[in-house]
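**Q** Take this structure, written in structure tokens, and hold onto it; I'll ask about it next.
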Amino acid sequence: MASILSRMGNSRGQNSPLPPWAHSMLRSLGRSLGPLMASMAERNMKLFSGRAEPAQGEETFENWLSQVTAVLPDWHMPEEEKVRRLMRTLRGPAREVMRLLQAANPCLDVEDFLRAMKLVFGESESSVTAHSKFVNTVQEPGEKPSLYVIRLEVQLQNAIQAGVFAEREANQARLHQLLVGAEMSTDLRFRLKSLLRVYANEPERLPNFLELIRMIREEEEWEEAFIHPKRPRRSQSVERALSPTFQSSPPVMISSIDCNVIEIDDSPDDSDEDVILVEPDDPPLPSSSAGPSFLGRAVSEDQVLVIESPNIFEIQAPSTSSGAGRKNNNNFGELRRARKRKHTVHCSHCGEEGHSKETCDNESDRGQVFENLIITLQELTHTEERAREIFGEAIGLSELH
């Protein structure tokens, strides 16, 4: 009747409500037509006899059960009246069996009625199979508890349809099998056991399927975040350690034993050339493994040239104009090509810039030579101190890594 009233109200428009007498008439009509409509629906229900071969107008047990399950939500009446209507749909052996059951249990409700029908007329083999599949459903290796619960729910619904469990026992059966067949944290297991113990006589208050899934998912997310955090793979750690961003730039040491003139070129289209002069007659530079001893004593600036490199990896040794250059192998690995820098070359004989002692053609007096030499030594001393600071920082960073 409520649907009829709403339809009539919508047809007349929101601004023109029905008069009170119309509402009263429709209520009376609804009270009169209600039993008639229920009786018509009852007459349209199929019959079930329980015989092996259904007669004309009868249905198999599966079709009868599907029809009853569909109409039960529309039956707003006491349990006794529902059972009475269900009895009217039975014929033959099915009616006799349920009459005996009802005589033995006068307080029989609809749920117990349907459960008894499933046990008697349903396929007994399917009931046993459904129950066996449910109790033998356990968590597989590597399977998350949340996925196991979803797989378990399928078997539980099959068992309920086969009459193994009543609908009101679903939460209890689900929770019990979860504790038996799943691996979970100690905290979650304790909470679920406590719920099962507290609500042993009130299974409807136990968490249903969706609530149980939510509890398990929260526990899994907490474990992933705090107990089993994702660790970077070894290859990622090595790549991060080798990244130029996380490394500082140690000095590149070039010994004078290899070449006289070093030409450093950044790119093919760079027109500037840096020429670095190194004295060839000086002793070779000590190896990089003797870093502390190298810092502990004075080294002539004619023996070593220190260049600040922007990166310590994959720097290629510079090519020499005389063709005698070789790769500089040290503790820092294969070095990248150094960036170009301007270095002023002084002649130790005359003190002028732009040429070396071997190519010097100037003849100056000894006083001027010594004065120029003192100036050159002062400049090189400042360069040496700077080189020691840079080399010390590079040694410290290499020890940290």
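All positions are counted from 1 along the displayed chain.
Any Cβ shown, glycine's included, is placed from N, Cα and C.
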**Q** Looking at the ranges 1-20, 41-60, 121-140, 381-400, which is given as region 'Disordered' in Swiss-Prot?
**A** 1-20
**Q** In Swiss-Prot, which of the ranges 270-292, 316-338, 339-361 has the region 'Disordered' annotation?
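**A** Swiss-Prot lists region 'Disordered' for residues 270-292.
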**Q** Averaged over the zinc finger (345-362), what pLDDT does the predicted model reach?
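**A** Summarising the zinc finger (345-362) by its mean pLDDT gives 70.
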